[in-house]
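Student: In case it's useful when we look at the structure, here is the feature table from TrEMBL:
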type   : residues : note
DOMAIN : 276-359  : domain 'PDZ'
DOMAIN : 366-394  : domain 'Protease Do-like PDZ'
DOMAIN : 396-487  : domain 'Protease Do-like PDZ'
Amino acid sequence: MSFWSFRGRINLVRLLRTNRIFTGVLSDFASLFRFLPPSVAAEKTIDSVADESVLNSVVKIYTFSSKPNICYPWQTKPQKISRGSGFVIPGKMIITNAHVVDNHILVLVIKHGSPKKYKAEVKAIGHDCDLAILVIESKEFWEDMNPLELGDMPFLQQSVNVIGYPIGGESISVTKGVVSRLESKDYVQGATNLLVLQTDAAINFGNSGGPVCIGNKVVGVAFQTLRHSNNIGYLIPAPVVKHFITGVEKTGRYVGFCSLNLSYQPMDAHFRSHFKMNSEMTGILIYNINQHSDALNILKKYDVILAIDGVAIENDGTVILPNRERITLENLVSMKQLGETILLKILREGKMHEFNITLKPVQRLVPAGQFDNNPSYYIFAGFVFVTLRKQHIKGSNVEQIVIISEVLADVINVEYYMFKNLKVNSVNKVKVENLKHLCELIEKCCTKDLRLELGDGRVIILDYQSAKSSTSLILERHRVPSAMSKDLMIEQSKTCLSTRL
């Protein structure tokens, strides 16, 4: 019976499954395709030629990381190691996912077919778009490395290859599928709504950051899947990746995705009639403009946006792409870079207007997570004050939501031990603007009682001198190195210095 008989193939599969493969068999298996029937061998050869240059540009990434401890912000969680994928682009840079390298201590990169690990540095990271750029100083690493080019937005049902290093093995993996859907969706990493591509190609842990290709062009980056589903994976489309790279190249750092920062509602027939729209007009109605938006002093409540840069806005707030798919107007705006302008066609009280608006990203008051640095904190009388994540910036004013994350037990605070995860509205009836402001208000308190008013209406009353003297003992007992984070210590030193001057 020939080697390629049915029984011969079954025996080979059994041999592979039991892992009882001797050196001679390994050698034969390595060149197995040369013994395939001519038609199958030809198919295999054609596919290999198309993908070989792409495979050599895909890398494996190992990340040693330690997440910050939100409840005890002077500590970090135990170190862990994770694995992901990435690919080389022009400029001696590597693209991967932000979640592959977030909170990194050490990042190591391995080339396709090589056991050597190279140290990488994170040049830029964008958590809202879940992308990061790595750079490697070693000249040896870049020898024989061919960068991949970013392609365009693919059409539905186009075949794609997902390439990377998923769990289940150590060597490179290629899975095939088609583009199933184009839409906007919240990215898990940053909870930001951006364009995504859906595919039925297998995407598993470790594929994150790897390229998704049509031929030798990258049309997307694998980054997340839908739990409890069959073969639903998501890709970051090439236009989003290009936007991220262009922004970093222009400014030297990641600045985010732009937004008009306004709220709107769809327009039905009765709405259109009420706001004096004719039968040919379509658009959406503005009902709120964020106070930090550059459109605040240009647009007005109840303006109707008819078009953006000449692209008509449908009554449900979508625009039509050349491939007949629809995306939201926010996705159209988000593709603009920092400082670029858009032309809005507005209907206001039945009259047409056109306005140019300069765009910029606006950070959310409560971002999705804490990444890459330890939280700021301040401890007084055992109360641990932190921000409900980062800042919302406009000009020089910084607004933050300050909460009590933990209460380090002591006689001074025992009655308030369960007062956790509560917002601090004011200190001695002065509204708290941010964590630095809260620290200053408490440190400079000159009244007998310290009064903290909380978000749910409850109040904390402490004897100020007793609370202040107890703080150092509480820190010692709970093995806390400092009553405040380094950034607040620096601010306190500046304040003291300016006071002396």
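Heads up, the Cβ atoms here are built off N, Cα and C, so glycines get one too.
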Student: Give the residue counts of the domain 'Protease Do-like PDZ' (396-487) per reduced DSSP state, in the order helix, strand, coil.
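Tutor: Going through the domain 'Protease Do-like PDZ' (396-487) residue by residue, I get 31 helix, 29 strand, 32 coil.
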Student: So what's the mean pLDDT when you look at the domain 'Protease Do-like PDZ' (396-487)?
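Tutor: Over the domain 'Protease Do-like PDZ' (396-487), the predicted model scores a mean pLDDT of 90.
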Student: Write out how many residues of the domain 'PDZ' (276-359) are helix, how many strand and how many coil, based on DSSP.
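Tutor: In the domain 'PDZ' (276-359), the DSSP-based counts are 6 helix, 35 strand, 43 coil.
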